[in-house]
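Feature list (source: TrEMBL):
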type: BINDING; residues: Y25, R139; note: glyoxylate binding site
type: BINDING; residues: P78, T79, A80, T130, K205, D239, G240, G241, I242, R243, G262, R263; note: FMN binding site
type: DOMAIN; residues: 1-313; note: domain 'FMN hydroxy acid dehydrogenase'
Amino acid sequence: MESVTNVMEYEILAKERLPKMIYDYYASGAEDQWTLQENRNAFSRILFRPRILVDVSNIDTTTIVLGFNISMPIMVAPTAMQKMAHPEGEYATARATSAAGTIMVYKDRNVVMQLVKRAKKAGFKAIALTVDTPRLGRREADIKNRFVLPPNLSLKNFEGLDLGKIDKTDDSGLASYVAGQVDWSLSWKDVKWLQTITYLPILLKGVLTVEDARLAVESGAAGIIVVKAVHGRLPVFLDGGIRRGTDVFKALALGASGVFIGRPAVFSLAVDGEAGVRKVLQMLHDEFELTMALSGCRSINDISRSHITTPWDPPRVTLRL
């Protein structure tokens, strides 16, 4: 897809190619979708403070996440049912990037244990535990479309676990399925329990407040995805709204250790399979590298809070020359 020049264009192309029910499932959010829009809009309110006359002939975008060296602080987020986008689904995405495991906590703890064992056996290096979805948001597009998994697909990860299937209902089949399976009583004690059944590091996905970030530290989590409030005691990852390399730079300047992309990977997968995901990652890498150069940063460690300005910053003192 030589004509694609930025990540957003893949969503336009995916909308043309995917059935409406499937596109809406990937693209929509809950209710008024305010958070979905704000994820993007928030980045536009953060401005750059570039430093000049820095030798940027050699830019190093590599970093370390959970002890593993990676080429850039851009990773692919856990995203369900990718075979709706492309026949090769998660296989294609895994070939395009280093995959990380994710689970939701089910009422039957034996199911959780089986999923964790499978993740370890498959060679995953971490578990991403979704902690902000005791109940699925009211996704109105899915309700209108009577969302149900296409008949040629199944929840492959749950084969042999007797968890039923996503059936057609009067609203969203997915919402009905999740309501019957996910444990609404999930609490901090379950985070500690999860550590007793695996040595894999556990990332908590969906931490939104300072108070919960501190509890994540106390619970023994290896990292959190979304908010900064742990004073360097845990790596923090941002998930949501990343569409440009400039967004990646801004996230790191605010204190993130890395970012995750979800929809860009799925939309590019729908358009061009593995090659599409590879191109999205390459475009984000190149944009991020360019932003580093224009900001006077030669390595990830050079990126600091002083390289950006935000609406909530106190007024800066202007030096008089």
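From the backbone N, Cα and C atoms, a Cβ is placed for every residue, glycine too.
The two recorded residues, G240 (FMN binding site) and Y25 (glyoxylate binding site), have Cα atoms 16 Å apart. In this structure the residues listed as binding FMN are P78, T79, A80, T130, K205, D239, G240, G241, I242, R243, G262, R263; their two most distant Cα atoms lie 22 Å apart. For Y25 (glyoxylate binding site), the nearest of the binding-site residues by C-alpha distance turns out to be A80; the candidates were P78, A80, K205, I242, G262. Under 8 Å, Cβ to Cβ, and six or more positions away along its own chain, I242 (FMN binding site) finds I74, V248, A251, V259, F260, I261, P264, L284. For the binding-site residues shown (P78, G262), fewest C-beta neighbours within 10 angstroms: G262. Note on K205 (FMN binding site): other Cβ atoms within 10 Å of its Cβ, all shown chains, come to 22. A sphere of 10 angstroms centred on the C-beta of G240 (FMN binding site) encloses 19 other C-beta atoms. Less than 8 angstroms from the CB of A80 (FMN binding site) sits no same-chain residue that is six or more residues away. Counting every protein chain shown, the Cβ of Y25 (glyoxylate binding site) has 23 other Cβ atoms within 10 Å.
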